[in-house]
C-alpha cells in the first residue's frame, strides 16, 4: 500500500462563467521515503496539488488516501490531526509568527500535541542547534535573515516528527548560498527517512529529488524517477497526550497570545474597553447607591423598633373615627404580653400641652409608656435613669426628657432632679435621652416620657390608650404573630376596630421598592454594556481579519478549530474582564469621593456586586466574542494562508 494515493483529483475555482478547472484528473502515488519534486510554471496547478496533499485544501472530486484512509470523509479536526501528527510544512515566505521568538515558533506545533513546556523547549532548542541556530533561540523573525528564518521554519516542520515534509518553493525567497544550504538540509531529512514532497518552478532545484512530476495546465505531463527511493526509516515524533497538562498548555498559549494581541494595539484595546468600563462602573455605582439608601432607610426603621407591631384604634392612618374609639386598653396590652410569641407589650398614650420651668413656657408632647418602650424603640439614654416597673405601678411623677427639652430649659445646668410642670402637673426629671439621628418626623418637637399610669391617672384622666407597641420574639414569624394578635383583639372587642403597623412589613416594602429601583436603573445602565459588547464584537472581527494569516499558519501546523475558537474567545473575554475590573475600580473611586462629600447615606459596594460585575463582563466577552471567534475557527486553512 502506497503512503499517498490520488485518483482522478479535480479542483475548480470560481463558479458559473468564471469557473476555472485548475487540476484535471490527477492520479499519482507516493511511497514512504520518496523525495518527489512537483515542477511547473506559475499557474500550472502545482501549489494547488501540494495544498490538497497537505490537507490545507480539499479536492472538488476524486479520491485522496493516506495509508489507505480516505481524506474526503474526514472532519476538519481529523484533517488537523494529520497536519499536526504526520505533516511538516516549509513555506516559501517562511510563515513565522512575528510576535514569537525562534524557539516559540518551533515549539508551537507541540503545544497542539499536548507536550509539556520543558519537553517543548528542549526539543525546539535541539532542532535549532542541529540547524545551526543555537544562538538565535530568543530572536524574533524580524531579527533573523531569510536563510535563518527558513531554517526556523524547517525546525518547526520537524517539531512533531514531520513524517511527510511539504516544501513549497523552499528556496524561492533566498539567495543562492542560503538556498543551497536549505537544500542540503532537505537532503539530510530525506536521508533520515522523511518523505519529502517539494514544489518548485526551477528545474535545477527539482533535480535534487529522486522523482520529478511535471504539471502543465493542471495535468501531469511527465513522471520520472532517476534514482530508487531510499528505504524509509521510522521517524520519531512527539506522541499526543490526553492529560490535564494538554489542556493547560493550550490554554496558557492561547492566553499568552491574547495578551500579546491586546498589548499590540493598546489604544484600540482601551477604546474597546471603554464601553465595558462605563457600563460596569454605572451598574456597580447604581447598585451601591441603592444599597446605601436601602441601608439608611432600614436603619431609620430599626430606630423605631425591629420585630415590632404597633396597634392603633380605627381602620387606618387618617381615620377620623379613631379619636372616638376607646376600646384599646391596658388590659389588652397585658393579655397580649402573655402570648407565647410576644417578648413584651407596652401601651402608649399621649398628650400635648404647656411645659413650664421657672419663667419659661413651651409647647411639648408627653408620652405615657411602659418601662420596655425605650428598649423596643431602640432609644438610648444619655444621662440619668429610665423609669422602671415600680414607677409604673406607683404612678410615679417622674419624666425622661429629650435633647430638645434639655437645650431649651437646661442649657447651662444639670436637669436631673429638677421639677418641671406639664399642664400644671409637677414631674421630676430622672433622665435625658440621646438625640435620635435616625428618627422619622420633626426633630424639633419637644418630647417627654412618663409612666403610662401617671399620664392616664394624673394628666389625661383616660382609661384607654392611643396605641400598643408589641415586641415579637426573635424566633417568631411576625406575619404569623400579626394574624394571632388580630384574632385575639377581634375576639376581645367583638369587631376589628383597630389596625396594625408591622415594622417588618415596612422593611419588606422598602427592600422591594429599592430592589425594583435598582433593577430599573441597572437595566438602563446595562444598555451601555450591550453597546460595549457590540464594540468588542466589532473589534474582534477586525482582529480576525487582520490575523487571518496567523490563523492559517496555526491551522497548517495542526491547530484544531477548537484551539482557534479558544484563542479568540479568550482575547474577547480578556478585554471585557479587564474592562470590568477597571469599571469596578472606577466605581470604588467614585464611591470614595461621594462618601466624602455626602454624609446622609453612603455608597455601599458589596462583594456580590463586584462578583456580579466580573461575571457580567465575562459573560459579555463570551457572548459577543463567540461570533468572531467562531468565524476564525471556520476559516479554510489555505484561504487563511493566502491572506497578506
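Placement of Cβ uses the backbone N, Cα and C atoms for every residue, glycine included.
Annotated domain 'ABC transporter' per Swiss-Prot: 4-242, in sequence order. Per Swiss-Prot, ATP binding site is recorded for 40, 41, 42, 43, 44, 45, 46, 47, and the stated evidence type is sequence analysis. Per Swiss-Prot, the feature transmembrane segment maps to 270-290, 524-544, 574-594, 607-627; the stated evidence is sequence analysis.
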Near residue 40 (ATP binding site), which residues of its own chain have a C-beta under 8 A away, given they sit six or more steps off in sequence?
-> 46, 201, 214, 215, 216
Counting across all protein chains shown, how many other Cβ atoms sit within 10 Å of the Cβ of residue 46 (ATP binding site)?
-> 26
Beyond 40, 41, 42, 43, 44, 45, 46, 47, what residues of that chain have CB atoms within 8 A of the centre of the ATP site's CB atoms?
-> 48, 201, 215, 216
For the domain 'ABC transporter' (4-242), what's the model's average pLDDT?
-> 88
Report, as a single number, how many Cβ atoms besides its own are within 10 Å of the Cβ of residue 45 (ATP binding site).
-> 22
